[in-house]
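One structure is given here, and the rest of the page talks about it.
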Amino acid sequence: MTLLSNILDCGGCISAQRFTRLLRQSGSSGPSPSAPTAGTFESKSMLEPTSSHSLATGRVPLLHDFDASTTESPGTYVLDGVARVAQLALEPTVMDALPDSDTEQVLGNLNSSAPWNLTLASAAATNFENCSALFVNYTLPQTGLYCNWTWDTLLCWPPTPAGVLARMNCPGGFHGVDTRKFAIRKCELDGRWGSRPNATEVNPPGWTDYGPCYKPEIIRLMQQMGSKDFDAYIDIARRTRTLEIVGLCLSLFALIVSLLIFCTFRSLRNNRTKIHKNLFVAMVLQVIIRLTLYLDQFRRGNKEAATNTSLSVIENTPYLCEASYVLLEYARTAMFMWMFIEGLYLHNMVTVAVFQGSFPLKFFSRLGWCVPILMTTVWARCTVMYMDTSLGECLWNYNLTPYYWILEGPRLAVILLNFCFLVNIIRVLVMKLRQSQASDIEQTRKAVRAAIVLLPLLGITNLLHQLAPLKTATNFAVWSYGTHFLTSFQGFFIALIYCFLNGEVRAVLLKSLATQLSVRGHPEWAPKRASMYSGAYNTAPDTDAVQPAGDPSATGKRISPPNKRLNGRKPSSASIVMIHEPQQRQRLMPRLQNKAREKGKDRVEKTDAEAEPDPTISHIHSKEAGSARSRTRGSKWIMGICFRGQKVLRVPSASSVPPESVVFELSEQ
């Protein structure tokens, strides 16, 4: 879960529209004395408080026993036979001193009064009409002044005796709100509901303090946001979530295709791609879980807007929601560990010569997959104990709890270590470039390009998540769009750079495409064997120059003209342009032996001087070569595109590639 999810779902994935209204009105009403940092909001009832007595049933205690021995309490207790009323001086110190005594004890103390028990039994109402229906036909005994019933758009407050501090359980249906705590509403001595503190105007419907309902992490989040324009924050978060879903879908597609490429072609199975594949698997797992949760929340939000009911499949399923978030954090932790392995392996191969000959795959696998299991298990256990999932909140806001640093601490350490690896790798690259006598501008360009390419692979862009500016909506928008663009498209960028734009991968794909086309009846697409080696067999026609027979040092050697292209390549790209005649005879020996057996000879022993090639075979070979050249000449532009990367096809094996060549190739692209 991210800060974006906290702002989107803050106070209620179940009732997003209601919580948006709560935040808007909480911000407009100012801080409360009992919770200076929490939100508060005004009642929406248009009824004027009167001295008429009406009562209906309520679902939670409205009165709270106050310890008379407390020095801050100047109140007295009055027992009129109907209810036990605490006359309290509503000073901030007194409100802070109110104890959170057991609700059942309060109910037990008031059991002797039947009318008051009705008030404490239930007060379930979902709108103004329901609240009105509860109280309009019930009359209290003439025992004193009462504040009239009122509906504050969240709770239905029954008539309350004058001078009483009414407390009602916090409304359900919101994430980040503890329903075991109480919202507070003050009935003044004159029978009117009290306005918010420091208010310049009297508000007849009164004011409800919902500050105590928020959990500590939500209060800290509201402190960070500071601004009162909560609608702007929520709107920015929604647009960012749309951008995030698009990036995750694109990353998922690119990562899956890259995994298929790495697993299909055996020539790509080297040490670097083994690490790449594990990193891609961790990223795919993380993206799939995140998309599942986001789409479930999106579907739930749309349905609630129309029906005001929760249709969430994941959140309303016991253990499924918790398991989803635990798996999400495990996948994220595994992704960071494999990013660390990427940085460690590349750094050691470039800078430490002792690691170049070894590849501890088992150690890397345990570090990348087993260590995150241990970390996630410890975090999940601590979080479940801290959050009390019996409230049905499904680990919501767990990223705001202190236990989240069990996971976030090692991730931050991985980012910092990879940043150090990156700095050292760039230092080595600059040293190599200086030895090549490149210009300063060229050195800087290649170093910066290599650094930019390595940033997503090493996960350094995730460092921006730790720097969330929430003081103003503008700063939050810049941070939100930029950070979530980089993180959601991270998988796409990694797959693009390290798979689709990799020269070796493109060469393998090109060769596979050419082979498939040649098998399907397009011989002109067949890859030439010569392109896989440093030298090539000379297929020039017989009109090519031949060394004079009188020269003993060059007898029997055929030489290609210096400016003639060989097999579609320049002469400078071939290290061998001459083929010895004995080698040709050696290739023809099986044919000569078969011909001798047909004539009935038991054994054929010929030396290089005795063996003569069959002119018929040579004629057939020349004819086939001429036919191939004619077909090639007809589709020259196609062949040029297909085998434009034949130089890349001559990449040596992974073991012989210099360790720093990976970074150099990236800087050249």
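For all residues, glycine too, the Cβ spot is worked out from N, Cα and C.
According to Swiss-Prot, the compositional bias 'Low complexity' annotation covers 26-40. The feature compositional bias 'Basic and acidic residues' is assigned by Swiss-Prot to 595-609. Under the heading N-linked glycosylation site, Swiss-Prot lists ASN111, ASN117, ASN130, ASN137, ASN148, ASN198, ASN308. Look at Swiss-Prot and you will find 24-52, 536-573, 590-614 tagged as region 'Disordered'. According to Swiss-Prot, the topological domain 'Extracellular' annotation covers 1-244, 296-334, 388-411, 471-480, on the basis of sequence analysis. According to Swiss-Prot, the topological domain 'Cytoplasmic' annotation covers 266-274, 356-366, 433-449, 502-669. What Swiss-Prot lists as transmembrane segment is 245-265, 275-295, 335-355, 367-387, 412-432, 450-470, 481-501, and the listing cites sequence analysis.
Proximity of the transmembrane segment (450-470) to the transmembrane segment (367-387) is not established, fewer than 3 Cβ-Cβ distances being under 8 Å for residue pairs spaced 6 or more apart. Helix, strand and coil residue tallies for the topological domain 'Cytoplasmic' (433-449), in that order: 13 helix, 0 strand, 4 coil [DSSP]. A simple Cβ count within 10 Å picks out one of the glycosylation sites ASN130, ASN137, ASN148, ASN198 as the most packed, and that one is ASN148.
DSSP assigns ASN137 (N-linked glycosylation site) to coil, not to a helix or a strand. Between ASN198 (N-linked glycosylation site) and ASN148 (N-linked glycosylation site), the C-alpha separation comes to 23 Å. Long-range Cβ contacts of the transmembrane segment (367-387) within its own chain (Cβ-Cβ under 8 Å, at least 6 residues beyond either end) map to 278, 282, 322, 326, 329-330, 333-334, 337-338, 340-341, 393, 395, 398, 401, 403-404, 406-407, 410. Distant neighbours of the topological domain 'Cytoplasmic' (356-366): 271, 274-275, 278, 341, 345, 348-349, 659; these residues of the same chain sit at least 6 beyond its ends, with a Cβ under 8 Å from one of its Cβ atoms.
Helix, strand and coil content of the topological domain 'Extracellular' (471-480), in residues and according to DSSP, is 8 helix, 0 strand, 2 coil. Separating the Cα atoms of ASN130 (N-linked glycosylation site) and ASN137 (N-linked glycosylation site) is a whole-number distance of 13 Å. Rounded to a whole number, the C-alpha distance linking ASN137 (N-linked glycosylation site) with ASN148 (N-linked glycosylation site) is 13 angstrom.
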